[in-house]
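First the structure, which I've put down as structure tokens, then a few questions once you've had a look.
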């Protein structure tokens, strides 16, 4: 009869997860240790971190990015993918979204152009750059190419969603990858609400994205200028 006895199990999803609350908790806990250098190292090595975690069976890990070390839930190892994730737990995906928002906050909260320039030259988005998009397209657009930014559709002006829509329309991405963005809130609005109430804002966001100088495997003007320093000139 034991095979007919059942028990409740912990949820495998982050039901009730509030990205804004999670982000604030993250900022409080990392206020003293987080800096642009560490964020730069994270974004340049996030893919490598995922690959390394996929080979480690431990449920938790403590990757170090420069001098900044952080505990993450390892949901990349095949046997760990259904493990529960708490509201304030960190994953590589959540870290990506949190750090992108942190960079945007640092950018918008400071009117000093020298600080803006420091951020632009320090933080590199490999995904945006590989599509020919640079900081000159605007901080919200540039940072929205980072995974995890879909958690903050209002902060990033729908760009995480509309970048995905454009890539699907151009055959650059499978439509299934839009699911995560289409489940998110926009501020206090649930997905079913903003899908009907924010059509104009989404259309404007998509228009901005479609007007970018897209180039598959292309280089941004910043990247071209960088290469010119080494005697490489591109059209």
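If you go along the chain as it appears here, the first residue is 1 and each next one adds 1.
From the backbone N, Cα and C atoms, a Cβ is placed for every residue, glycine too.
Taken from Swiss-Prot, the feature RNA binding site applies to 17-18, 47, 50, 75-76, 81, 94, 124, 126, 129, 167, 177, 179-180, 183-185.
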Far apart in sequence but close in space: which same-chain residues, 6 or more away, have a Cβ under 8 Å from residue 81 (RNA binding site)?
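Once residues fewer than 6 apart are set aside, residue 81 (RNA binding site) is near 75.
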DSSP secondary structure for residue 183 (RNA binding site), reduced to helix/strand/coil, please.
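Reduced to three states, the DSSP call for residue 183 (RNA binding site) is coil.
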